[in-house]
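The annotation transmembrane segment is assigned in TrEMBL to B:47-69, B:76-92, B:98-118, B:125-148, B:173-193, B:219-240, B:260-284, B:296-315.
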Amino acid sequence: MKLEIAHLSKSFGALKVTDDVSLAVAPGEIHAIIGPNGAGKTTLIAQLSGQLAPDAGRVILDGQDITGRSMAERVHMGLARSFQITQVLPGFTVLENVALAVQARRGSSFRFFARVAEEAALNRAALDALAEAGLDDRAHVVARALSHGEHRRLELAIALATGPRVLLLDEPLAGVGGEEADAFVARLKALKGRLTMVLIEHDMEAVFALADRVSVLVYGQVIATGAPDAVRSDPQVRAAYLGEEEESAA
Amino acid sequence: MAEAAIPAPARRPVLAGRVKAALVLFGLFAALPPVAAAAGDPFLVLIATRILAYAIAAMALDLILGFGAMVSFGHAAYLGFGAYAVAILASFGITDIFVQIACAAGVSALFALVTGAISLRTRGVYFIMITLAFGQMAFFFFISLSAYGGDDGVGLRSRSTLFGTDLLENDVTLFYVTLAVLAALFLACHRIVGSRFGRVLTGIRENPVRMEAIGFTPFRYQLTAFVISGMMTSVAGVMLANQAEFVSPAFMSWHRSGELIVMVVLGGIGTLAGAIGGAVAALVLEEALGMMTEHWPFWFGLFLVLMVLFSPRGITGFVEKLGRRRP
């Protein structure tokens, strides 16, 4: 599924957080958006997912203008997101968190008597999504008891369980490091091709391991888009953003 | 099969425990009339019927307050709709309790649909204030209804009829019918909470942003729950009118709405059985303290403060803690 962004703009007061952003994310592609803190990455995701309305511009999903659609409508059209700050239902079990996402697209939720916990089809689909996120062994733990890394995996499992064709991932690796991060990257890699993904991430190793193309966002503007290697060597990008990182890494 | 490998969910026993607690309460209530007769105090049965009616209302409020995080401060309006459905229909010669309940529930559904749709545009304190305002509007409407006694209310010439009989004229029968209604509505609420709908409602309480991000529109589910709760509360009003054989706007004053919230909080928010226990505790305390001192509201308030401080999850939390200490 193709996602196009045309001349998207958003201001908070005098501050332009999204400044005439245009992007085309090809079907099956992993398109990474990188940029320094405060570049407007999360605000961009919020506009793509429908959480925030842009001041101008359009969001087009598979040729259909979805700019005015609600968040819930977009999810039903196959556009799902994960959150940078984990958003789960803390009092629900891991399985219930994910089964609810399955329920949202399977049948009516205006059913008042049958026990939802006994719906095998929901639980099975939820377990599949949990397996893909590597969390199926924790299915019956209450979400608030999970570790940070497990929370990140639950966040991914919930997004997958909505049955997306385009997945917006807002820093899925935030606060995750070492082997856990490697395993997470491997899981995202396994999803590659099946889903179109927009990936916001600070972990450059992960970005260059996963992304087909990279766009660099600085002060709300896309200053470069291209293959990871091309972007990495772009002098403008190095000056604005990557330079300092690579220097500090070296 | 894949499901066979999953260990049973850990929260199950808690739910089952609460159903058991409700069954114990119902059993105790069922035993009350013979005990009262033996003790030579038949008036107890009437007091208990009043408690049961309030238990219905408190439980219905808990459905939205506890599971949907909607603090309605105007729920007494639905008690009033139920009570006035009895009085007004009776004045036209319609005394059948099922017709009265249907009318009460119909009017309540409409009122809840309109006021809920407006109230749900707001959150938190504003939701509380706006439901209070709608409740007061209903209250003043019935005060101005001079054909039915206005401020003074109106007495019922007779209680409702059941299948064309005057069985409800007997206090004990009315008591058992009210108990049956409470048990049936408890079962309904319990099923709703465990259903697809209930899971969505509880999910919205836990994190509305997350629910939208997986494709739910919270408003629809919250409004539906609000309507269901209003309809159930009106049934309590029907039973209350029959118990008192009298109907007045006092049933729907904002004090009543507040008392319903107190019952839910006292019993333990989001527990259903707790709301029933809360109604019992609040009304028994009111009666008992009222007999001892005219300053009973002070002592009741003190009790409430201590309860909220030391057992925020109400009587339910208290009982469950005791249960865990003595396995």
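Glycine is treated like the rest: Cβ placed from N, Cα and C.
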Intrachain residues whose Cβ lies under 8 Å of the transmembrane segment (B:98-118), provided they are six or more past its termini: 74, 77-78, 81-82, 85-86, 89-90, 130-131, 134, 138, 160, 222-223, 226-227, 229-231, 233-235, 237-238
Stretch of maximal Cβ-Cβ contact with the transmembrane segment (B:173-193) [cut-off: under 8 Å; candidates B:47-69, B:219-240, B:260-284, B:296-315]: B:47-69
Long-range environment of the transmembrane segment (B:260-284) - Cβ separation under 8 angstroms, sequence gap at least 6: 18-19, 21-22, 25, 47, 50-51, 54-55, 57-59, 61-63, 65-67, 71, 73, 75-76, 182, 186, 189-190, 193, 300, 304, 307-308, 313-317
